[in-house]
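Heads up: the structure comes next, in structure tokens.
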Amino acid sequence: MVETRLGWEAGGGLGAPGGPGGKLGGLGLAVGGTHSWSGLLKRVDRREARAQPRLLVLGCLLCQGISCPSCGPDMFVSLQKSLIDVFINAASLSHDFHNLSTIMFNEFDEKYAQGKLYYINATKSCHTNSFHTPEERDKAQQMNNEDLSKWTLVLLYSWNNPLYYLLLELRNMKNLSEAVISSAMEIENMSEKLQAFIESQFRKIIVPVLKMIHEVSNTWSRFSSMTFSDEDRSISEYYNLFYCLRRDSRKVDMYIKILTCRTRKTC
């Protein structure tokens, strides 16, 4: 088994992978590096700077009963609306994320998997199975916001490596439409944006999520290379990947929509 370690690059970003394992997160997380907590926290601070409306709302709440000229009724309503808008936009993005994942899976299935039995073991092969994330809405609704956002970020981080290597290999597949490649690129971009959203709204869950992923870091080694000599094996692996991405994107969409309806108080 290949040993992997999690590390963070202070300058980070989701470009090419840092070291053989590749990037894992929107914070510049990489496999194969060493821990740099100061670098991680600097990245988090920059995320937090974009979440000032949240902090201002909290400040106004703390000012109840005290004279706070900058936190009048109009200001509070405006800031609250701004926060709600952020969640609404995230819910729209997560919907598109799942929708595009479904379209990409359906196109791949139609072109490569007709008459095959790939679907039989597809669910069992998902690299995120070890996290036991809630499948059904009623179970997800029983979770508090912190746990729900934690599972959302776990799933999103878990797909950074597979998506990176998937994009590298898709370009070498014969007769694959440009639409599938474009969809994969857009899905990767959407995932980065959703990660940034969760990181900015639920800052304190980031380190626990990274530790959780570190405990099952063996799940990444499978994607260090997706090149197979047998074409049928290769197509089977891609099928499983598309299948699992569709499943996990549905979970992400469901979790974010629950968080949004709670923020809007419409649940």
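Glycine is treated like the rest: Cβ placed from N, Cα and C.
In Swiss-Prot, CYS126 is paired through a disulphide bond with CYS244, chosen from CYS60, CYS244, CYS261. Looking up ASN99, ASN175 in Swiss-Prot for N-linked glycosylation site, the annotated residue turns out to be ASN99. Around the Cβ of ASN99 (N-linked glycosylation site), a 10 Å sphere holds 14 further Cβ atoms from the protein chains shown.
Taking only the Cα positions, the spacing between ASN99 (N-linked glycosylation site) and CYS244 (disulfide bond) is 14 angstrom. Least packed by the Cβ count within 10 Å, out of the disulfide-bonded residues CYS126, CYS244, CYS261, CYS267, is CYS267. If you take the Cα of CYS267 (disulfide bond) and the Cα of CYS244 (disulfide bond), they are about 28 angstrom apart, rounded to a whole number.
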